[in-house]
Amino acid sequence: MKRLRVTLAQLNPTLGDFEGNLKKAIEALRVAEDRGSDLLVFPELFLPGYPPEDLMLRLSFLRENRKYLQKFAQHTRNLGVTVLMGFIDSDEDAYNAAAVVKDGEILGVYRKISLPNYGVFDERRYFKPGEELLVVKIGNIKVGVTICEDIWNPVEPSASLSLGEGVHLIANLSASPYHVGKPVLRKDYLSMKAYDYHVAMAYCNMVGGQDELVFDGGSMVVDASGEVINYGKLFEEEIITVDLDLDENLRVSLVDPRRRYMKTQNYPVKTVEAGNLREKSGHFEPVVNPLPVREEEMFRALITGLRDYVRKNGFEKVVIGLSGGMDSSLVAVIATEALGKENVKGVLMPSMYTSKESIEDAQTLAKNLGIETFIIPITDVFHSYLETLKGVFAGREPDITEENLQARIRGNYLMALSNKFGWLVLTTGNKSEMATGYATLYGDMAGGFAVIKDVYKTDVYRIGRWYNSWRGKEIIPENIFVKPPTAELRPGQTDQEKLPPYEVLDEILRLYIEEGLDPEEIASKGFDRKTVLDVTEMIRKNEYKRKQAAIGVKISTRAFGKDWRMPITNRFKEPL
């Protein structure tokens, strides 16, 4: 029987924290050794962290990365486990690489062949692609080494490893960023890939937040029939160990002979001998964790992104302007779940236009969450501004200027608290507002992290409803769900005076931003032509605001951040 004990170290590194990442790696190494593992797989670029971006241009960063790989190798002395460790190989150029480490030695290095250069990825800016396959032999078992995008490539190098080299297992070191629906997409894809090539797969994904990116984990082991026999937790660190029966590969190939007729490329191959299989005791039962519903998935991604941004950047507490509306309520909920109620501060900043209802809703929410609040009215300061500007504004009617003044006063208050106490200001704008420019630059956009900037308004409501249901009680007051959304910057104001109903707006935005449809195609789906053009024009005209917005968690297939690179100076208008 060909039985391989595989351990996947689904861990949360911090970019540039070589010492901290090494400590995590050593802890995982000890666990794998105690469990009698034959193979231990880490995520992509685990030692330096991912994505390193322009740190790749610093020789000192590359040298530290190499130094800590050697340090890690020393900790494998006299151990029986073979390790695949993600690092940067930078001898004659820079490569996204995996080192094969055992018993104090680096036995070989694999260099990533398929470098993604789309969406949030810029790997061709920093890395040279590898040109050689790497096969690790552990006893009579052959393991092919790949890194992230290598297995997303439809054919190679998976085909050459499985068909050409006859590997029993493809190990994949991954740092695959999250978007809504990505866990099930990834699970189905790897299942299909294993089935098509009749090869088992051990996929180790990173977990945690890095600036706007979230890595969701979901590491898995798939057998040669395409069955996911172990599926890790989402958004949590976990060390997974699986006993993998690799005799299944031959059984599947005999029943389904398609692979005999598949063609492969002629990559050069390096084979590394990593000793014998280990004597094993006991058996590690596989665990397939269930996938969460859509709202829970998004909620946990937002928690992960916020928690890690706060902690990894040295903050302890955050502050939020509480308006009594849905957006600030959801941000407060996410912050409380991510950081604990003692680390979240709420500020109510009422004006003469703020309703009693809004104040009560904000106070009820804060009480339900158990967070401390402060009330700092803006009315006197607002009147002082108007008095100061009276001469300059003489002869002009009140307009959006006076509305934006209120938002900017509130932004000043929050930033003053941030400066005085070291609290990180969380902005509360959603994707619908960021797309259309329905936000005030240096006002409600002022802050350090925009938690829900990639969440459409309709999804803000859905996540809020799910949260109350999950908690089994009304944390977010019902009145916040049912009252018309409003900025309360003048009497009787509602969002729908300037925007289409959010159910309409969000679908137009999704089709235009994420699906890339033209206005004509969107209108053909039943939307009013003028409304579609108005929305796309708002998107174009407000690029300057988005360029100055705080970063926030990416949860969609295309967010306003690393994967949205529109010019500000732009006279192109969508035709219809």
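Note that Cβ sites are derived from N, Cα and C of the backbone, with glycine treated the same way.
Predicted, not measured: the structure shown is a model, and the values here were computed from it.
Annotation comment: Swiss-Prot describes Glu44 as active site, proton acceptor, evidence class sequence analysis. The Cβ neighbour count for Glu44 (active site, proton acceptor), using a 10 Å radius over every protein chain in view, is 25.
Neighbour density for Lys112 (active site, for glutaminase activity): within 10 A of its CB lie 27 other CB atoms from the protein chains shown. According to Swiss-Prot, the active site, for glutaminase activity annotation covers Lys112, on the basis of sequence analysis.
The L-glutamine binding site annotation in Swiss-Prot covers Tyr118, Ser176, Lys182. Within 10 Å of the C-beta atom of Tyr118 (L-glutamine binding site) sit 9 other C-beta atoms, taking all shown protein chains into account.
Annotation source Swiss-Prot lists active site, nucleophile at Cys148, citing sequence analysis. Cβ neighbours within 10 Å of Cys148 (active site, nucleophile), excluding its own Cβ and spanning all shown chains: 26. In the three-state DSSP classification, Cys148 (active site, nucleophile) falls within coil.
As annotated by Swiss-Prot, region 'Ligase' applies to 292-576.
What Swiss-Prot records for Gly321, Leu322, Ser323, Gly324, Gly325, Met326, Asp327, Ser328, Thr428 is ATP binding site, and it gives sequence analysis as the kind of evidence. Of all Cβ atoms in the protein chains displayed, 27 besides its own lie within 10 Å of the Cβ of Thr428 (ATP binding site).
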Q) With the L-glutamine site defined by Tyr118, Ser176, Lys182, which remaining residues of that chain have Cβ atoms positioned within 8 Å of the Cβ centroid? A) Pro116, Gly119, Val120, Phe121, Trp152, Pro177, His179
Q) Taking only the binding-site residues Lys182, Gly321, Ser323, Gly325, Asp327, which one has a CA atom nearest to the CA atom of Cys148 (active site, nucleophile)? A) Lys182
Q: Specify all same-chain residues, apart from the site residues Gly321, Leu322, Ser323, Gly324, Gly325, Met326, Asp327, Ser328, Thr428, whose Cβ lies within 8 angstroms of the center of the Cβ atoms of the ATP site, ordered by sequence.
A: Ile320, Ser329, Val331, Ala332, Ala362
Q: Out of Gly325, Asp327, Thr428, give those binding-site residues positioned within 10 angstroms of Ser176 (L-glutamine binding site), comparing C-alpha atoms, in sequence order.
A: none
Q) If one measures from the C-alpha of Asp327 (ATP binding site) to the C-alpha of Lys182 (L-glutamine binding site), what distance in angstrom results, rounded to a whole number? A) 25
Q: Between the Cα atoms of Tyr118 (L-glutamine binding site) and Gly321 (ATP binding site), find the distance and write it as a whole number of Å.
A: 36
Q.
Please identify, from the binding-site residues Gly321, Gly325, the residue with the sparsest Cβ neighbourhood, meaning fewest other Cβ atoms within 10 angstroms.
A. Gly325
